[in-house]
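K.L.:
Here it is: the structure, laid out below.
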Amino acid sequence: MPLQTINTADHTLRRGELREKLVRINYAWIPGSLWLWTITGAALVRYAQGLGMPASYFGILAALPFIGNIMQLPASYFLEQHSLRQKTTLYGIFLSRICWILIGLVPWILPKEMTWPAMLILVGVSWLTLHFGVPGWISWMADLMPSRIRGRFIGKRRLLSQIVGVASSLMVGEMLDLVERANNEPQILLKVLSAVFVIAGLCGVLEAIGYLRQFTPDRPKPITQTSWLKSLHKPLTTRGFRPYILFNVVHTLGFASVSQYIWLYVFDRLEFSNRGANFLLVTIPLLLGSVGFVYWGRMIDRVGKKPVLLVTGIIATLTTIGWLFCDRTGYGLGYALVIISVITWPGVDLSNFNILIGIAGNPKDGSVFVAVNSVSVAIAGAISGVSAAIIAWQFKDFTFTIPQISDQPYDYIAVLLILSTALRLVSFVFVFFIEEPKASPTRDAIRFMTTSIYSNIRQAALMPTRAVGSLSKRTYILTQKHDKP
C-alpha cells in the first residue's frame, strides 16, 4: 500500500514528543504481549482438551492463524480506497482480544456439547479480526517512525515481548501444574483456564486502549475508484515472484499442519508437565531466537537472503525429525536436533521476510504483492490444517515402531511429522529459482557460516580459560607488589 496516500499529523511532532509517543506505544504492548504468550502454549491445548475437542480437530486449530491472513486483503483494499487506518487497526485489535474473553466464558454460558465448537469458532474470529488490523498497524508504524530509529524501536518492542513471554509461559505452566497436583478434577483446571483466558483478553483490551490514546486520526481522502483489485494478477505474472509464492505455499502446507500436534506429542508421548512443555516450546525458542535473529540478520547482510534461506531452511527442516528420537527414556539426541532447529528457524523467518520486502518494495503497488502472498499462505494453511485433521481422524488407531530409534510405538503424529518434513524439503527446490544477483554462491555462504559459527563457539568455550588466566595474572602482580620490601 502506498504510504504517501495516508495523511496524518504525526510528521509535525517534535523529536521529544515523538520519543515519548513511541515509548508509550511500547509500554502499551506489554499487556498485549501478555495476552499473546498466554494464548500461545499449554493453556490453549489443555483448554481444548478440557472442553472435549477431538484430537483430529487440532489440525483445524493449527490452521486458524494462517487462515486469518486472508483478511489482510480486504483491509488493504479499505486502506487503499478510504485511508481508514485508525478504524481497521483498532477495531481489529479490540475484536480479536474480546474474543478471548468470550472464549473464557464459553463453558459457563453454553451447553457442554457446544463448548468446543464455539471455542474453535471464536479462535478463528480472533485471528481473522487480528489480521484485519495488521495492514493498518504496519502503515501507521511506517508513517510514524523515522527510518533512522525503526531498528531500535522494533528491537525494544521485541525485547519487551521476549521478557513478558518467558515470564508468562513459565508462570502459566507452573500454575497449571500446581492446580493438577492439588486437585485432579478436570472441572477445577477448566475453571482456572477459563479465568486465565478472561484475564488475557482484558490485557489485550488494555493494549488496544493504549494505542487508541496515541493514534492520530486520519484525514479521510475522497472515495475514488482505482484498479487496485484488478492489479492482483500482477504478482502472479511477475517472474521473480512466482517461485517465491510456490515456496511459501508448499512450505506452509508442510509447516502449518503440525504446529498444534507437537503439543499433543509432548504431552501424550513424552509426558511433559505444563511448565516443561511451555519451557521447551515457548521459553527456549524465545531465548534462542533473540540470539538467532541477530546472528542470521548479519549473515543475510553478508552473504545474501537466498543462501541463508536455503541453508537454515534445510537444516531446520531436517532437524525437525529429531522429535522422533525423543522419548521418556532417552532423549539427548532428539533434543539436540530440536534445539538446532530452533536456532536456525530465525534465519528462515528473516530471509523470507527480506525477500518479500525486496520483491514488493515498489511503493506504487507493493501492497498488492504482500496481499497476494498473505492470501496464498492463508489458503495453504487451511488446506494443511484440514488435511492434518483428516489424517488424524483416519489414522487415530494406527501405530508403528522404528526399532532403530525407539521401542515405544509411534502414532499418527509421527506420520504428520514425516509428511511435514518431506513437504518442507520439496519447497526449497523453488528457492533455487528466486533471483538475487548480489547473493554469494551457496557453497561460499556455507563455508563462511561454518567458519563464523566455529569461531563464536570457540570463543565462548575459551572464555572461562581466559577469565582464569586474566585472574592469575592479576594475582601474580598483586603478590609481587606484596613481597617487595
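Including glycine, each Cβ sits where the backbone N, Cα and C put it.
Automatic, uncurated: that is what TrEMBL annotation is.
Copied straight from TrEMBL:
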type	residues	note
TRANSMEM	25-45	transmembrane segment
TRANSMEM	57-78	transmembrane segment
TRANSMEM	90-110	transmembrane segment
TRANSMEM	116-138	transmembrane segment
TRANSMEM	159-176	transmembrane segment
TRANSMEM	188-212	transmembrane segment
TRANSMEM	244-264	transmembrane segment
TRANSMEM	276-296	transmembrane segment
TRANSMEM	308-325	transmembrane segment
TRANSMEM	331-348	transmembrane segment
TRANSMEM	368-392	transmembrane segment
TRANSMEM	412-434	transmembrane segment
K.L.:
The transmembrane segment (188-212): which same-chain residues, six or more beyond its ends, come within Cβ distance under 8 Å?
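P.N.:
Those are 24-25, 27-32, 34-35, 38-39, 43, 46-47, 50-51, 89-90, 93-94, 96-108, 172, 175-176, 179-180, in sequence order.
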K.L.:
For the transmembrane segment (244-264) against the transmembrane segment (116-138), do we get 3 or more Cβ-Cβ pairs below 8 Å once near-sequence pairs (under 6 apart) are dropped?
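P.N.:
Judged by the Cβ rule, the two regions do not touch, with the required three close pairs absent.
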K.L.:
Sort out the residues at least 6 away from either end of the transmembrane segment (159-176), same chain, that have Cβ-Cβ distances under 8 Å to it, and list them.
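P.N.:
That would be 26, 29-30, 33-34, 36-38, 41-43, 46, 189, 192-193, 196, 273-279, 282-283, 286-287, 289-290.
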K.L.:
Determine whether the transmembrane segment (57-78) and the transmembrane segment (331-348) share at least three Cβ pairs under 8 Å, counting only pairs 6 or more apart in sequence.
P.N.:
no
K.L.:
List, by number or range, the same-chain residues at least 6 past the transmembrane segment (276-296) whose CB is under 8 A from its CB atoms?
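P.N.:
For the transmembrane segment (276-296), the list is 37, 40-42, 158-159, 162, 165-166, 169-170, 172-173, 262-263, 266-267, 308, 312, 339, 342-347, 349-351, 456.
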K.L.:
With Cβ-Cβ distances below 8 Å as the criterion, list the same-chain residues six or more beyond the ends of the transmembrane segment (331-348) that contact it, or say none.
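P.N.:
For the transmembrane segment (331-348), the sequence-distant neighbours (Cβ-Cβ under 8 Å, at least 6 residues beyond its ends) are 270, 284-285, 288-289, 291-293, 295-296, 299-300, 308-309, 311-313, 315-317, 319-325.
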K.L.:
Quick check for me: are there 3+ Cβ pairs below 8 Å between the transmembrane segment (116-138) and the transmembrane segment (90-110), leaving out pairs under 6 residues apart?
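P.N.:
Between the transmembrane segment (116-138) and the transmembrane segment (90-110), contact is present.
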K.L.:
So if I exclude everything within five residues of the ends of the transmembrane segment (90-110), which remaining residues of that chain have a CB under 8 angstroms from its CBs? That is, six or more out.
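P.N.:
Same-chain contacts beyond the flanks: 32, 35, 39, 47, 51, 75, 118-119, 122-123, 125-127, 129-134, 136-137, 190, 193-198, 200-205, 207-208, 211-212, 215.
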K.L.:
Are there residues at least 6 beyond the ends of the transmembrane segment (308-325) whose Cβ is under 8 Å from a Cβ of it, and what are they?
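P.N.:
Residues 251, 262, 265, 296, 299-300, 331, 333-338, 340-341, 344-348, 350-352, 355, 402, 405-406, 410, 414, 417-418, 420-421, 424-425, 427-428, 431-432, 442, 445-446, 449 contact the transmembrane segment (308-325) from elsewhere in the chain.
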